[in-house]
Each structure stands twice: as C-alpha cells, then as structure tokens.
Amino acid sequence: MPSVSFATFLIICPTSFFLGILFSLFPYDYPLLWSSLPTAASHFDAIETHLKLLHNAPNLIVRILHIMLGMGLLGLIIKLYKPSESNMLFDGGSLVLYMVAVIVYIANIVKGLRIVSEGSYGLGSEQLTQDQLDDVNARGYDPNAGDSVLGREDNLKVLAASNTILALVLVGVLVLQVGQWYADRTDENALKAFQEKEKAEQEKKELEGSSPLVKRSSSGKEGKKTK
C-alpha cells in the first residue's frame, strides 16, 4: 500500500477545511440559486448580516484562513518539485484547480464581501446623473463606462454562485488526489504481482535445472551397487 505523503496531507486538509466553510454557507446560498420559491427580504437581511460578520472578523481568523490557503499551495509545490508522470497529471491538475479557486476568491469573494460590508451596491449608482442612469440597460450594465451596476440581490447571487464554483473546484482537487493514491496503489500491486510471478518462474527454472543432476547422481550410485 502506498503511504500518504506529508505534502498530500498539506493539500487535503486545507481543501477539506475550505469545503467545510462553504458547506456552512450553503443554507444561505440555496434559496438564492436553487429554490424556485421567491426569496424573502428577511433572508437577504440574514445573508448580509452573516457576510458582514465574516468580513469584519478579527485579524486572527483572517490570518488562519490565509495560512490554510498557503498550506495547500505549499503542498502542491512540494509534490511538483521533482515531478513524476503521476505528479504531472494529478498534481498538475490539482494546482490548476487550486489556482482557479484562489482567483475566484480574490476576484469575487473578497470584492463581494467588501461591497456587502460597505453597502455600496451598484458601484456608486446613487451618484449617477439621470443621463447616466438612462445608459444603464435592463441587465444593470453601463455600455459607456463598462461598469456593472448590479443591485443588492444580484450581488448576493454572484457571491452564492462563486461559492458553488469554489466548492466544485475544491472537490475536483480532492478527486484528483484520491485518484493519484488509487493509481499509485494499483501500480504498486501490479508491480508486486509481476515480481512474485518472476520469482516463481525463476525458482521453477532452477528446480528444473537441478533435477537432471539429481537423476545422474542417483543412477551412478545404483550402477556401483550392481558391480
């Protein structure tokens, strides 16, 4: 059985940690994305309160989060330091997915939490003139300025969708790591079976090679006795 390396431990633990955080947010995200029923205004208030609490968390909690993020990246770099064919396939794919998660976190989650905490939905749409507001189309996009003027509900839905993307990407990292362990175990078992087969064939050849000598020596002794 292949042993799980310390670098793999550095990858799996932070990934599972982040999946636990995302799972705790799922009750807030489910009504926004997956429920066919209209979302109550009180639910938006609950989401905002929770997200503001997360954004204004003590620095220690933020540092722990970033340390865990760095641990996963460190584990992937360690495993890819002297890559084998297995490392390039599984760990390379894991690194790509992990970096996608980091980009989504920086581009969507951090920015979204800041907007929710400040309550500045629509990127300053309150300060727009009437002519500028007329340029904003029905989807909340200003074709002249190139800025999104999403409202409260749409911003919270973007955060919920980003959480879903993060969950899928991190599950992919775990699947690749488990797949690598299974592939290594299969290769090790196949190599062990091949070595045992080779050893058995070698012993069989040695036994067949020594059997004529035994017959000759026994026939020589019988000939001496007859004389």
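The count begins at 1 with the first shown residue.
Every residue gets a Cβ built from N, Cα and C, even glycine.
What TrEMBL lists as transmembrane segment is 7-28, 60-81, 88-107, 158-176. Taken from TrEMBL, the feature compositional bias 'Basic and acidic residues' covers 198-208. According to TrEMBL, the region 'Disordered' annotation covers 198-227.
Sorting the compositional bias 'Basic and acidic residues' (198-208) by DSSP state (H, G, I as helix; E, B as strand; all else coil) yields 11 helix, 0 strand, 0 coil. For the transmembrane segment (7-28), same-chain residues at least 6 beyond its ends with a Cβ under 8 Å from one of its own Cβ atoms are 43, 46-47, 50, 68-69, 71-72, 74-76, 78-79, 94, 98, 101, 160, 163, 166-167, 170-171, 173-174, 177, 181.
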